[in-house]
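Visitor: This is the structure I want to talk about, given as structure tokens.
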């Protein structure tokens with residue numbers, strides 16, 4: 001059965017909306033963990049627009065599950081990751097003007113520098129995932145640079161505006177998951193997945209873990225984190 005990694009970035013977004021000291025992302029992480037989350041995800045962006053280094057350190061200290069740190073593949077962020085030592089680092093592209101991560105890493109054109117980051121993280125005992133579009137050549141490159149896993153970018157599928165586009169994008173995800181599995185990569189999926197779109201993944205056993213944040217935090221505002229996480233877990237268990 002696929003696992004659930006809960007991203008608590010948008011708890012920090014709510015905090016930053018008022019420049020307040022609350023809500024505390026670590027408290028949300030503990031609540032998600034208590035509800036059954038298999039891992040906690042945070043994206044430490046270079047502009048620190050939501051999660052900051054203190055958040056990451058506190059979350060790592062208090063949770064018992066895995067901490068997954070999303071970050072750009074830059075020397076400065078590498079140094080921070082080596083200091084924080086999360087269980088896993090997911091390397092993601094980053095643009096300051098974007099609202100959220102807009103696409104996967106381009107390994108074809110940047111494999112040399114990203115490979116150096118992968119090697120440094122793995123030498124420190126940190127698992128490495130690559131956030132990647134469902135493109136077969138990109139996935140093959142992730143294998144060549146010795147990543148442990150990939151996270152398939154599901155945004156194009158989740159944001160599809162018609163059935164034709166939805167089917168086309170989901171076929172790309174299926175093909176990507178299967179080639180990743182054949183290459184002995186662990187295969188995760190994330191970005192834009194909500195309580196409706198998760199249902200499409202029924203029968204796609206190649207997905208090891210779903211990384212979901214915004215939809216869970218949005219529901220948690222109305223129902224509480226415990227209920228929001230348990231509702232998503234129930235849908236994943238039914239896949």
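Yeah, the Cβs are placed from backbone N, Cα and C, and that goes for glycine too.
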Visitor: Which one of 155, 180, 192 goes with 7, 18, 213, 214 at the 3-amino-2-oxopropyl phosphate site, as Swiss-Prot has it?
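Guide: Answer, per Swiss-Prot (3-amino-2-oxopropyl phosphate site with 7, 18, 213, 214), from 155, 180, 192: 192.
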Visitor: Assuming the binding residues for 3-amino-2-oxopropyl phosphate are exactly those in the record, 7, 18, 192, 213, 214, what is the maximum CA-CA distance in angstrom, rounded?
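Guide: Overall maximum Cα spacing for these binding residues reaches 25 Å.
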Visitor: Could you check the recorded positions 9, 70, 151 and say which one's CB has the fewest neighbouring CB atoms inside 10 Å?
Guide: 9
Visitor: Same chain only, sequence gap of 6 or more: which residues have a CB within under 8 Å of the CB of residue 213 (3-amino-2-oxopropyl phosphate binding site)?
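Guide: Listed in sequence order: 6, 7, 8, 9, 10, 41.
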